[in-house]
């Protein structure tokens, strides 16, 4: 039995498989918040479809490149203080800062790495 697949069909199949994972929308909340040193801060991120644990959190300060804090939803990047933690899987994720420090005042972003454009 000939099991060869025409190249065109294989190409279409690969496009379909890739397309099934694209166009994932990420919604972060709150969009802004007021907090004081010592506060416990929680930021949430929701994906429009399941992304398993393919979720990263970044911190960015003005004029600086984003800094990776958390990868794979809950793994702390080397050198990042333990007051930062991440949790969640599927569609709902949380970044928590257990006790806000002066150097933590920044912008925080979530990023899914389940699919790429």
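Even glycines carry a Cβ here, placed using N, Cα and C.
Taken from Swiss-Prot, the feature signal peptide covers 1-22, and the record attributes it to experimental evidence.
Per-residue confidence over the region 'Framework-1' (23-45) averages out at a pLDDT of 94. Positions annotated as region 'Framework-1' by Swiss-Prot: 23-45.
Sequence annotations record features per position, and here Swiss-Prot assigns domain 'Ig-like' to 24-117.
Sequence annotations record features per position, and here Swiss-Prot assigns disulfide bond to 45-110. Of all the Cβ atoms in the protein chains shown, 25 others lie within 10 Å of the Cβ of residue 45 (disulfide bond). Residue 45 (disulfide bond) carries a strand DSSP state (E or B).
Residues 23-29, 68, 70-74, 86, 88-93, 110-115 of the same chain lie 6 or more positions beyond the ends of the region 'Complementarity-determining-1' (46-56) yet place their CB under 8 Å from a CB of it. Residues or ranges marked as region 'Complementarity-determining-1' by Swiss-Prot: 46-56.
Feature annotation from Swiss-Prot assigns region 'Framework-2' to 57-71; the stated evidence is similarity to another entry. Below 8 angstroms of C-beta separation, residues 45, 77, 80, 84-86, 95, 104, 106-111 of the same chain, each at least six residues beyond the ends of the region 'Framework-2' (57-71), sit close to that stretch.
The region 'Complementarity-determining-2' annotation in Swiss-Prot covers 72-78 and rests on similarity to another entry. Counted with DSSP, the region 'Complementarity-determining-2' (72-78) comes out as 0 helix, 2 strand, 5 coil.
Panel annotation: around the region 'Framework-3' (79-110), residues 26, 28, 35-53, 55-61, 66, 68-70, 73 of the same chain, lying at least six beyond its termini, place a Cβ under 8 Å from a Cβ of the stretch. The region 'Framework-3' annotation in Swiss-Prot covers 79-110.
Here Swiss-Prot flags 111-117 as region 'Complementarity-determining-3', drawing on similarity to another entry.
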Cβ-Cβ neighbours of residue 110 (disulfide bond) (radius 10 Å): 23
